[in-house]
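Before any comments, here is the structure.
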């Protein structure tokens, strides 16, 4: 008897208040890295109606106009009118950055602390995941949820649907049979819109112009579409909800298809393993699947603050592995340097590449800056596995 179930993931657009905060935090990081690639940055952002607050810990010699970076990020997203709840020209921006604690710094700085190698910036556990449900080796539900809100942004910015506003959320429910996605049961898209628009016009445009162009037609035969199910979505963005950095960690990763260690990414330089080790985990898992060692691969990595080597590395392939999980884990340790310094070098992370990651997912995007999406280790892994 076939095993059937439904699985759901969501995404949000770049105009969602939490994503506005994430993008400001990563824009700050990039602006600093353009001058000082070895800076220590933990940039947090809060945005509300007409207000942006920048706080956190930054140690750098870079001279950055943080207020202007925040304003230009808000402008790029599309909040250029006070009627939208926040306007880059008139919003207040408060800056309250401190420097990194010297107690933390001595554990992270190479040559300082008990472990003379560059230690992890904190304790914690991180997960990486990949599967063969999409060409990008991502879970299908989060992949299509991202593509829907990405399409919403595209049609808003190029003027084809000029009544769209920046804030939007998508949700995709997939039907699985024996562990494989076969169709889409439900798609939800809530999109902010101009006040004069009628619901029926919004619904038709969303289904025909946003959803159908980015989702496989064969998966839409019996799909239920829920477009702005409250009936109206005019007040949105930071006016509708206060936005905070780091509140969309499942959207940022695998849409709930894999565990999450709890650490957010945006605004953090790669000495923070919350970010860099999660990127390394994706790199490892994607290469395992690309090598044909498994159909699904999940890796957990953990660290102690100030210590370079991971405290644990575990690989799970959910019964899909061509060799044992223990053997794959051994190959991972042989082919990937998972010390913080090794990750930074392996993935070339001391670059101003992070603002692009802060909307539409950190994983599963074939962007040239996203070094963790490379599959350049797959051939060596396959050979070492004897396949």
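Cβ coordinates are placed from backbone N, Cα and C, and glycine is handled just like the others.
Owing to the predicted nature of the structure, the values given are computational and were not obtained by experimental measurement.
Per Swiss-Prot, L-methionine is bound by 57, 241, 272; the candidate from 100, 192, 198 named for the same site is 100. Taking the Cβ of residue 44 (K(+) binding site) as reference, residues of its chain lying under 8 Å away and at least six apart in sequence are, in sequence order, 21, 25, 54, 55, 56, 244, 245, 246, 267.
Candidate binding-site residues: 18, 57, 100, 272. Nearest to residue 168 (ATP binding site) by Cα distance: 18. Maximum intra-site Cα distance, ATP binding residues 16, 167, 168, 169, 232, 233, 241, 247, 248, 264, 268: 36 Å. Taking a C-beta cut-off of under 8 Å and a sequence gap of six or more, residue 268 (ATP binding site) has these contacts in its own chain: 29, 41, 42, 43, 274, 275. Of all the binding-site residues listed (18, 57, 241), 18 sits in the most crowded Cβ setting, with the most other Cβ atoms within 10 Å. When the Cα positions of 57, 100, 241, 272 are compared pair by pair, the longest gap among these L-methionine-binding residues is 30 Å.
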